[in-house]
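Enquirer: Okay, so TrEMBL annotates it like this:
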- 12-33: transmembrane segment (TRANSMEM)
- 45-62: transmembrane segment (TRANSMEM)
- 74-94: transmembrane segment (TRANSMEM)
- 114-131: transmembrane segment (TRANSMEM)
- 152-168: transmembrane segment (TRANSMEM)
- 174-190: transmembrane segment (TRANSMEM)
- 195-213: transmembrane segment (TRANSMEM)
- 283-309: transmembrane segment (TRANSMEM)
- 321-340: transmembrane segment (TRANSMEM)
- 360-379: transmembrane segment (TRANSMEM)
Amino acid sequence: MKKFLNGIDWYLFFPYIILCGIGIVMVYSASAGMGMLHQGMAQSYLHKQILFVIISLMIVLGMSRCRFVYLKNITFLMVAILTMFFILIALFFWGKSINGASGWITLGSFSIQPAELCKFLFIVYFAHLFWKRRFLIAQNGALRTFLWPKKFYPLMFPVVMIGLIFIQPDTGGALINTFIILVMFGTTITSKRWLTLYSLLVMIGPLALYRIFKKPIGLFFANSHHYQFQRFVAVYNPFLHPQSSGQQLINSFYAISNGGLWGRGLGNSIQKMGYLAEPNTDFILPIISEELGLVAVIFVLGLLLMLIVRSIDIGFRSNNIYYSSICYGTAAYLFVQTLLNAGGSVGYIPLTGVALPFVSYGGSSIVTLSLCLGMVMSISRIEQHQGLL
């Protein structure tokens, strides 16, 4: 253990450990009633979450010693990408449907979501492409070079895979993967002017357009019965549909309102008692707010912000485009997943069913996040030895 902790980046490790600890406590609090109802034991979800965290810790510490030998091997990457591609296709025929999405593999009492691993694969895949300077954008004619069709052949499998994830349907997973790739492309732009424009388009453009057209979108899908479209209707005004599409969002509002600044006390949530459908996963943040208050929500989001900022800082200080791309991709992953979860809980954006990083119940999410965080910690260790941090 001392070997693994030697040279570890505590600015990453401490927030990670605290978030996992909060996750264990809150998963137990949020799911005790569900555990008794569905599995006859209040601790059923707790035991699994503890196992997930132990596996996560082993992955983080193991990846923090990673030398990136295999991850830089294009043959290894292509085999991994192709394998995941065929798994995503197979899920349409043999996958288990959970909450309307057929993207799950069931192994006994555990369910695995292969689409989660795509986030890790895409980060290392595109980092390798940029490291080989295949997509490195020159100072002059940045956008013109960027749009050359012959430059897009390495994008074929990732684009198709994102499409497969979207039609599972897993809108949140498709959005997260797309955002990760767009951010990583932005890191190769050397012109400050084009980088600023690109950043505004990617970071602010989609949210701004959605907020402008929120009402027309909600009215357009008002008569649709598809649950994904109904999420747009709900976020426009959930109180117009209190017994259907708006029910979960209304209960989320009640949970946040009930908690106030300091909360009702650990274990005293009302909304987790059958009102919120997924209190231990998608809606764990409102449960934290109801039981521990707004202060706890700010604390959790602050810890996630520390992980994001530290990842960006490590990438910014690195002189290696491969390392910096991995750091920026991981930061983008953490940022957009937190945004989708928190934004959906407060009705700022439609619900997408994504987990709150390191806090929500679920093995696939925490394992993938741990792989990415472990890589950033390994890069931090390497940069420390080189005197860059």
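Cβ coordinates come from backbone N, Cα and C, glycine included.
Relative to the rest of the structure, where do these features sit?
Expert: Non-local neighbours of the transmembrane segment (12-33) in the same chain are 42-46, 49-50, 53, 56-57, 60, 266-267, 269, 272-274, 279-280, 284, 287-288, 291, 300, 303-304, 306-307, 310-311, 357-361, 366, 373, 376-377, 380; each lies 6+ residues outside the stretch with a CB under 8 Å from one of its CB atoms.
When Cβ-Cβ distances below 8 Å are used as the criterion, the transmembrane segment (74-94) is approached by residues 102-105, 114-115, 117-118, 121, 124-125, 128, 157-158, 160-161, 164-165, 168 of the same chain, each at least six residues removed from its ends.
Here the transmembrane segment (114-131) has Cβ contacts under 8 Å with residues 71-72, 74, 77, 80-81, 84, 87-88, 91, 103, 105, 154, 158, 161-162, 165, 168, 170, 173, 176-177, 180-181, 184-185, 187-188, 320-323, 325-326, 329-330, 333, 364-365, 367-368, 371-372, 375 of the same chain, all six or more residues outside its ends.
Sequence-distant contacts of the transmembrane segment (152-168), counting only residues of its own chain at least 6 positions beyond either end whose CB sits under 8 Å from a CB of the stretch, comprise 81-82, 84-85, 88-89, 91-92, 95, 101-103, 115, 118, 122, 125-126, 129, 134-135, 174, 177-178, 181.
For the transmembrane segment (283-309), same-chain residues at least 6 beyond its ends with a Cβ under 8 Å from one of its own Cβ atoms are 11-12, 15-16, 18-19, 22-23, 26-27, 29-30, 248, 251-252, 255-256, 258-272, 276-277, 331, 334-335, 338, 341-342, 345, 356-361, 373.
With a threshold of 8 Å between CB atoms, the same-chain residues lying at least 6 positions outside the transmembrane segment (321-340) that come near it are 68, 72, 119, 122-124, 126-128, 130-131, 133, 136, 172, 175-176, 179-180, 183-184, 187-188, 301, 304, 307-309, 311-312, 314-315, 349, 352, 354-357, 369, 372-373, 375-376, 379, 382-383.
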